[in-house]
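Swiss-Prot has this to say about the protein:
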| type | residues | note |
| --- | --- | --- |
| DOMAIN | 7-136 | domain 'RNase III' |
| BINDING | Glu49, Asp122, Glu125 | Mg(2+) binding site |
| ACT_SITE | Asp53 | active site |
| ACT_SITE | Glu125 | active site |
| DOMAIN | 162-232 | domain 'DRBM' |
Amino acid sequence: MSQDSFKSYILKKFNISFNDESLLTEALTQRNYLNEHPDEKGRDYQRLEFLGDSVMQMIVAEYLFKRYPDWHEGQLTEMRIAMVQTRSFAHFSRMVHLNEGIRLGKGEEMSGARDRDSLLEDIWEAFIGALYLDQGADVVRQFLNQTLFAAIDTDFFDRFIDFKSRLQERLQTKGSVDIDYQTEKEEQLSDNTQLFEASVSANDKELARGTGKSIKDAEKAAARAALKILEDNVNL
């Protein structure tokens, strides 16, 4: 996908058209490209990445504050950290085809940089920085509503949350509690993968169960289910 094709895509998909197209070009330009094109004016993406990181932090914090009025500071902080982890940004860069619009040097292109997570994480932040400078925070919010924020309802960010530690902190607020995880069931699936069921108990009282394709994932699912029960029943 050329830069012109990418511009057409974001216009059609997100109704985004840059007023200053040099900002978009800068956000999608890697340093090695400029090294190989010394006659070309402009910068690489790194300054916009710096700005985009701060914009993401602010807008995500504001979004969570408004969406979850009953959450305490610890819950808001944990979810914000999960959402602005750069590990998730590579996923969203691919989702909106930022990877296809990057201007790379020949060596980086040949080495597979276009699909390198670390670069895609940086480019996401640079794109957010460019969009903020060009059109302001409201347009950034609209874009994130269609991408990052929409993923909350799919439980996408659960992979970045340590539910076992959260459960331990919740249960031990009033003193020591013996928390135990047990593998209750193991099932062989038709695609040769395994499905595990795990339980979590506190002081020998089972709180919840969860399933996953590994024991670790099943225990995490059990902890998440237990937290949900505790949060829905504050007197437990």
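Using N, Cα and C of the backbone, Cβ positions are placed for all residues, glycine too.
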Message = Just to verify a number: CA distance, Asp53 (active site) to Glu125 (Mg(2+) binding site), in angstrom, no decimals.
response = 6
Request  = Using a 10 Å cut-off, grab the number of neighbouring Cβ atoms around the Cβ of Asp53 (active site), all chains included.
outcome  = 19
Message = Give me the sequence-ordered set of same-chain residues, not including Glu49, Asp122, Glu125, with a C-beta within 8 angstroms of the centroid of the Mg(2+) site's C-beta atoms.
response = Tyr45, Gln46, Leu48, Phe50, Gly52, Asp53, Phe89, Glu121, Ile123, Trp124, Ala126, Gly129
Ask   = Including all protein chains shown, what's the count of other C-beta atoms within 10 A of the C-beta of Asp122 (Mg(2+) binding site)?
value = 26
Query = In this structure, which of the binding-site residues Glu49, Glu125 has the fewest other Cβ atoms within 10 Å of its Cβ?
reply = Glu49
